[in-house]
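The NADP(+) binding site annotation in TrEMBL covers B:R48, B:R54. The FMN binding site annotation in TrEMBL covers B:R125, B:S126, B:S127, B:N238, B:A239, B:G278, B:K293, B:P294, B:T295, B:S296, B:S297, B:R319. Annotation source TrEMBL lists region 'Disordered' at B:43-62.
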Number of protein chains: 4
Amino acid sequence: MSGSTFGHLFCVTNFGESHGPAIGCVIDGCPPGLALSEADIQPDLDRRRPGTSRHVTQRNEPDQVEILSGVYEGLTTGTPIALLIRNTDQRSKDYGNILDTFRPGHADYTYWRKYGLRDPRGGGRSSARMTAPMVAAGAVAKKWLHEVHGTTFTGWMSALGEIGIPCEDESQIPLNPFFAPNAGIVERLEAYMDALRKAGDSVGARIEVRARGVPVGLGEPLYDKLDADIAHAMMGINAVKGVEIGAGFASVAQRGSEHGDALTPGGFASNHAGGVLGGISTGQELVVSLAIKPTSSIRSPKPSINRAGEPTVVETFGRHDPCVGIRATPIAEAMLALVVMDHALRHRAQCGDVHLPIAPI
Amino acid sequence: MSGSTFGHLFCVTNFGESHGPAIGCVIDGCPPGLALSEADIQPDLDRRRPGTSRHVTQRNEPDQVEILSGVYEGLTTGTPIALLIRNTDQRSKDYGNILDTFRPGHADYTYWRKYGLRDPRGGGRSSARMTAPMVAAGAVAKKWLHEVHGTTFTGWMSALGEIGIPCEDESQIPLNPFFAPNAGIVERLEAYMDALRKAGDSVGARIEVRARGVPVGLGEPLYDKLDADIAHAMMGINAVKGVEIGAGFASVAQRGSEHGDALTPGGFASNHAGGVLGGISTGQELVVSLAIKPTSSIRSPKPSINRAGEPTVVETFGRHDPCVGIRATPIAEAMLALVVMDHALRHRAQCGDVHLPIAPI
Amino acid sequence: MSGSTFGHLFCVTNFGESHGPAIGCVIDGCPPGLALSEADIQPDLDRRRPGTSRHVTQRNEPDQVEILSGVYEGLTTGTPIALLIRNTDQRSKDYGNILDTFRPGHADYTYWRKYGLRDPRGGGRSSARMTAPMVAAGAVAKKWLHEVHGTTFTGWMSALGEIGIPCEDESQIPLNPFFAPNAGIVERLEAYMDALRKAGDSVGARIEVRARGVPVGLGEPLYDKLDADIAHAMMGINAVKGVEIGAGFASVAQRGSEHGDALTPGGFASNHAGGVLGGISTGQELVVSLAIKPTSSIRSPKPSINRAGEPTVVETFGRHDPCVGIRATPIAEAMLALVVMDHALRHRAQCGDVHLPIAPI
Amino acid sequence: MSGSTFGHLFCVTNFGESHGPAIGCVIDGCPPGLALSEADIQPDLDRRRPGTSRHVTQRNEPDQVEILSGVYEGLTTGTPIALLIRNTDQRSKDYGNILDTFRPGHADYTYWRKYGLRDPRGGGRSSARMTAPMVAAGAVAKKWLHEVHGTTFTGWMSALGEIGIPCEDESQIPLNPFFAPNAGIVERLEAYMDALRKAGDSVGARIEVRARGVPVGLGEPLYDKLDADIAHAMMGINAVKGVEIGAGFASVAQRGSEHGDALTPGGFASNHAGGVLGGISTGQELVVSLAIKPTSSIRSPKPSINRAGEPTVVETFGRHDPCVGIRATPIAEAMLALVVMDHALRHRAQCGDVHLPIAPI
């Protein structure tokens with residue numbers, strides 16, 4: 001109820017702070033009988049973890065996950081799966097200077113006003129470090145969905161600042177530090193980031209996520225539509241400021257004669273809907289797009305106030321991502337997987353076995 | 001759990017179908033002692049109801065609300081408030097031709113695949129008629145928030161199809177059928193809609209919503225951030241395909257030095273954040289923007305398939321909105337009010353009395 | 001969250017007050033495709049309704065239920081089922097004298113202290129009238145469980161005050177006003193009640209409920225054990241002060257060698273467990289027993305205080321049940337059905353199709 | 001949703017198995033600003049832990065708790081508090097013989113039927129070891145309730161098998177291994193247990209719990225009455241078969257003229273209600289009583305079946321409590337504290353500041 005649990009049937013409760021002893025999550029509701037070990041989870045954590053290129057924070061966290069419960073002889077038992085990741089590279093002294101001041105664009109001010117106190121070390125609970133357990137839980141959901149429904153999740157960066165990144169070849173995504181589906185543009189992105197880092201500034205990004213092989217019929221009218229829950233999941237990722245499904249904001253200027261995807265005996269003729277009609281999956285690809293704001297922690301000094309309300313200047317010296325969007329791709333995939341997983345179970349509860357996607361329809 | 005309840009503490013459970021005997025909702029969790037009568041709810045229902053201009057569906061529904069419970073001698077008692085709206089202008093025979101076919105862009109196909117059966121009369125549960133109880137519940141939330149915190153909610157149309165509508169004068173909003181904050185543009189919008197209707201087509205729209213006087217400190221890290229819950233609420237409104245908070249998708253191309261709103265002794269110097277930092281309200285204006293797709297029910301024939309998977313052509317003759325966006329403004333306001341209300345109670349549960357917004361900060 | 005919704009997947013939201021315009025409920029999560037009409041619900045409402053014998057309240061309520069939504073052409077659609085019961089025989093003036101005083105044993109004092117105000121007409125929301133929608137929702141659950149799993153629910157009175165009622169013949173239950181499974185004892189119960197009514201007093205009762213044909217495997221460790229949720233449901237019925245499962249309080253003095261039910265190739269050899277082990281159904285009969293306190297509304301004057309804290313005397317003149325336990329049997333059956341139904345769906349969500357009870361095991 | 005989370009606003013998610021690497025819980029929703037360290041939690045864990053006398057299981061677990069998150073500089077921050085207890089004395093080989101057979105009275109059979117597989121080591125998730133995190137979470141709730149409302153929780157054993165234990169002196173409770181409020185009876189209890197152990201058998205017990213200083217007004221009509229939630233919490237404790245509030249089953253034979261507690265200017269004249277009227281706390285002592293069944297793991301051989309359905313004989317050699325009731329007292333206190341805590345926050349959400357108990361009323 002205090003917002004640290006995601007999902008209704010595949011429930012993930014997240015805990016931890018950037019510089020506390022550990023972070024992690026508890027998954028309650030995972031179906032029994034899924035083969036699961038740390039090796040199923042670690043690869044996605046490794047895709048998200050810091051310190052993997054010069055374009056992301058240099059904090060060095062191995063993010064090694066330990067399964068504490070819910071697995072017996074390599075199979076999930078149906079009981080809670082607790083996942084633990086110890087923090088190892090805390091340098092809390094880096095943050096001494098922000099104890100008393102509020103960094104612009106950060107949650108410092110709002111946490112302090114909400115709770116009357118706050119953990120200033122690395123942003124405490126508001127740190128993007130909290131997305132590691134999301135990624136870990138997402139890996140479990142991905143595995144189940146893949147085994148049962150053949151569902152896959154793929155994300156990429158489609159814009160870095162003002163540079164659009166056309167999706168030319170998805171196989172390139174894992175081969176560059178930007179999750180760019182486009183080998184030709186990587187050099188330009190590298191140069192762009194180098195200049196930005198030199199300038200002590202940061203920039204936004206746009207991320208695409210797709211789910212393929214999603215069963216028809218997932219999503220609950222009225223409020224918990226599949227796209228509504230996707231929007232909730234995506235906007236809940238740190239730094240996200242916008243979410244689109246399918247045609248998104250482009251649908252404002254579309255005509256109905258153009259937007260409505262025709263059905264043919266061979267399947268839908270287009271996918272402006274982005275895989276959701278009336279809040280329920282169509283069996284087509286889920287098409288989701290996110291706007292990620294520029295990191296607020298920048299080296300350039302910025303005017304602010306302190307807790308007494310007096311003017312001051314904030315300079316941030318900790319280790320930060322000049323573009324948080326770079327590491328956002330595996331996070332967005334994971335959150336999308338959690339939404340689909342939860343709705344797969346919700347659907348099964350009410351309607352029995354989930355209908356597999358069929359071709360032509 | 002089947003998605004018809006909104007909110008965790010101010011819980012609104014919605015029921016009904018477009019052509020059933022009645023629609024309505026039950027509000028559980030409303031604080032006791034609020035003065036409430038039908039007269040507090042009816043005005044917002046009247047703003048949303050069909051048949052008020054030639055630009056919206058000609059279905060004629062008075063949408064008269066009856067309070068069935070939860071109010072004694074004019075005050076809420078703290079127990080569930082049931083609101084009932086009888087359907088009066090059903091013409092189910094209008095829909096006979098879609099019994100066996102799936103209208104492109106509609107939920108016909110997905111409902112049928114999800115449940116194995118569907119109520120085809122006016123779209124059944126997937127009809128935008130279901131937003132009437134949302135508006136009714138929102139009116140209750142608006143009243144409490146206004147009385148306790150002075151919060152107000154204002155929405156308007158900022159684009160109709162490719163026509164942008166600059167916000168020049170909010171006092172104009174109730175004076176034209178488009179909720180346009182701009183008297184000078186109304187004639188052009190009228191002409192645009194007339195041409196569209198003649199062409200048997202439909203178009204999308206963009207809606208803005210603002211909440212002012214929102215207390216500082218509302219919103220729950222981690223997943224149930226205030227903006228995440230706003231995104232959930234907005235994307236759950238029929239036909240919404242995109243949601244932005246604050247700078248939204250424009251933040252992709254922004255630098256951190258520009259995006260982060262500086263704090264000064266006189267308050268925040270800007271509001272790119274849209275009133276939310278780290279998922280928690282800053283006390284500034286909440287800035288929300290929605291993309292609404294063009295109505296799928298258009299007169300022009302469209303290729304589709306029937307339940308046997310055979311090709312067919314769909315023509316829709318029922319009474320429909322050529323731009324559902326026109327009536328979306330009060331709905332978006334209501335859903336935003338429900339989110340803020342729920343978080344006001346959630347905050348009070350955990351942190352005690354909500355902090356009032358203060359100036360300068 | 002304010003406690004008017006029961007269940008997690010088969011969610012029943014109850015509304016109304018004793019003397020408001022209507023009472024009812026909304027069921028969200030009912031599986032689609034169940035044949036359902038008012039005729040499936042009315043019989044259980046008739047079993048519970050007041051005015052059927054001289055031993056219960058003489059308030060005359062037909063308790064006619066109307067289905068407002070969720071059913072199309074005689075089948076549930078998977079969307080919310082709203083059930084409405086208009087109140088018809090309100091005599092609020094009967095309660096004028098208790099406006100300012102607190103009836104001993106009643107919720108008058110606690111409602112007033114909790115909410116700062118209260119609806120005094122017939123106890124408002126605290127009235128046993130609120131159990132009518134529970135019974136209506138339970139009838140829907142009973143029907144689905146019977147059709148899908150063959151489950152049946154049977155309740156009876158096992159003690160009226162100090163008179164124990166041996167269960168001799170369940171077929172007698174509907175044939176007397178006490179739900180007594182024992183024809184020979186009815187005359188004695190009639191005389192007992194007549195004397196009690198004459199004395200202006202009331203008395204408690206003990207109710208048994210059984211569910212047969214419950215699938216194996218229902219119930220969730222850790223907190224939401226099947227028996228824990230049964231206890232929650234039963235203790236939530238007005239006037240219930242104790243709940244037992246299986247051997248109940250008798251198990252305190254039992255030895256482990258006696259209590260543990262042996263398994264044999266032909267099934268369990270006994271049922272001290274009452275059909276639940278480790279919080280999960282065994283497939284045996286669910287055995288539940290309830291203690292119901294004497295009605296607090298009695299004619300005999302009783303000392304109390306008024307809202308100013310001054311001593312006063314309370315006499316109750318409204319129409320009341322001298323033994324609320326008499327009408328409790330269908331209510332207890334309904335609540336047990338709601339628990340089993342909810343767990344059937346919860347089980348299906350996590351573990352897939354529910355295992356049918358099998359014999360020998 | 002899979003039943004491992006307790007509470008709606010003070011949410012405790014429990015994880016772990018008897019012989020896995022660790023057990024623990026995550027508390028979401030604890031108010032910020034509470035002084036908290038391991039030293040506040042360990043004493044209650046020590047009261048519950050095994051190996052403290054010859055009358056309980058000889059498994060030697062220090063049950064050392066580690067706070068992983070949610071506390072900064074000694075104060076709760078309002079974010080999730082993760083508590084970790086490593087398992088240290090696992091001897092899984094003790095349980096080899098039950099891999100293929102179902103112990104009578106145990107959850108072996110039901111887990112296997114529910115999930116299709118089970119962790120047999122020490123009962124896995126169904127072990128009473130899972131109550132350690134409940135006790136840890138309860139200690140946090142107890143501390144907050146005591147600091148804010150002065151609430152205290154006291155439990156004791158009121159019967160060991162057929163031996164009733166009159167409550168003579170609560171100060172004796174911590175001075176004997178039975179939590180008996182009666183010094184004179186301890187020797188008899190010791191002899192009784194020694195004989196039982198020698199016989200290889202086990203026995204039930206009855207436990208009382210009291211909460212004092214509970215604010216008036218806690219509890220939610222309709223379903224989530226305070227007593228309903230207490231019943232849910234208590235029946236969810238391993239081995240509990242019955243729950244009573246106030247007069248409990250004795251109220252069956254009471255008259256209304258006797259049962260209803262008179263109100264006087266000096267307070268309630270009696271407490272048959274057990275501190276709850278209409279599901280809402282009266283401000284009096286909460287009076288709760290539990291029946292605990294005899295441990296199912298006994299040394300004496302017992303007939304059962306194996307997974308093939310063939311007859312076999314089960315002998316249990318692991319380390320077990322001959323009376324699980326002995327260690328149940330701190331668990332019952334903890335669960336009662338969790339219920340009261342959750343309702344304190346629920347009340348604050350809807351009605352604002354909780355009303356303190358007042359005298360005379």
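Indices start at 1 and increase along the chain as displayed.
The backbone N, Cα and C atoms fix where each Cβ goes, glycine too.
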Helix, strand and coil totals (DSSP H, G, I; E, B; other) for the region 'Disordered' (B:43-62): 6 helix, 0 strand, 14 coil
Interface-proximal binding-site residues, chain A, C-beta separation under 8 A, candidates B:R48, B:S127, B:T295: B:T295
Between B:A239 (FMN binding site) and B:R48 (NADP(+) binding site), the C-alpha gap once rounded to whole angstrom: 15
Candidate binding-site residues B:R125, B:S127, B:K293, B:T295, B:S297, pick with smallest Cα gap to B:R48 (NADP(+) binding site): B:S127
Alpha-carbon distance [B:R54 (NADP(+) binding site); B:T295 (FMN binding site)] in Å: 16
Conformational class of B:R125 (FMN binding site) under the three-state DSSP mapping: helix
Least surrounded among the binding-site residues, given as B:R48, B:R54, B:R125, B:K293, when other CB atoms within 10 Å are counted: B:R54
Short-range binding-site residues relative to chain C, from B:R48, B:R125, B:S127, B:A239, B:S297, with Cβ separation under 8 Å: B:R125
Number of other Cβ atoms within 10 Å of the Cβ of B:A239 (FMN binding site) across all protein chains: 23
Residue among binding-site residues B:S127, B:T295 with least C-beta crowding, 10 angstrom cut-off: B:S127
Rounded distance in angstrom between the Cα atoms of B:R54 (NADP(+) binding site) and B:S127 (FMN binding site): 20
Cβ neighbour count within 10 Å of B:S297 (FMN binding site): 26
